[in-house]
Amino acid sequence: MRSYRYEERRKKRINIIYNIAIVIVMVLIAFFALQIFNQDDSELVNESETTEDEENEQDDQDPTVPDPALPDEQEEPPVQDPVVPEDSQPDNDGIFDDEEGIEVDVDEGSSRPSADEWEPIGTTQSELRLEFGEGTTNRQEMDRALSYASGLSLEEMTVWRIENAGDQRSVRGVVSNYENSETPYEIFLEWQDGEGWLPVQLNQLDHNPYTRN
């Protein structure tokens, strides 16, 4: 009888141990399965983040292509240079104006515009800055106006003198090429707001006060 009871208790303990072992095994299986699942999810997330980072880097490296249909608000309209014939020579035919020189009256056959055809040369300045230093925007525009009025190209034109002509909106310039360096042109310019320098008078001097004899 004791032997039978002992055997029953032993079987119960074994069953309990088996059940506990089964539970532990199931818990371990679930744990490892969860770890594997989380690892796969992490790899997918990392791959997705890597792909997004590569796409962002590629977008940063690619220059932005402007839409040709949209106007560039920062681009200023180009200022067209007046057409200045390089082979134009001074016209010595004119009307004597004063002791200093001749006021040139260009006839219709000349390639240089006559005084009544002069127009402002255009400007990139929002407001006038009366600067005479070479390389400044205002000086470049004044030189272009002198070239336009005299018919001399910028390459052949020598600027003997450029100065204020009595107020902050008027300029006097004396220019010539090599051939007429002793009888240069005296040109007066006036500033037109938003339009640039306008030639208003051109005289041909009978001597050059700025050369050393």
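Just so you know, glycine gets a Cβ as well, placed from its N, Cα and C.
Taken from TrEMBL, the feature compositional bias 'Acidic residues' covers 45-62 (among others).
Taken from TrEMBL, the feature compositional bias 'Acidic residues' covers 88-97 (among others).
The domain 'DUF1510' annotation in TrEMBL covers 116-205. In the predicted model, the domain 'DUF1510' (116-205) has a mean pLDDT of 95.
The region 'Disordered' annotation in TrEMBL covers 45-97 (among others).
If you look up TrEMBL, you'll see 106-125 (among others) marked as region 'Disordered'.
The transmembrane segment annotation in TrEMBL covers 16-37.
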Residue counts (helix, strand, coil, in that order) that DSSP gives for the domain 'DUF1510' (116-205): 16 helix, 32 strand, 42 coil
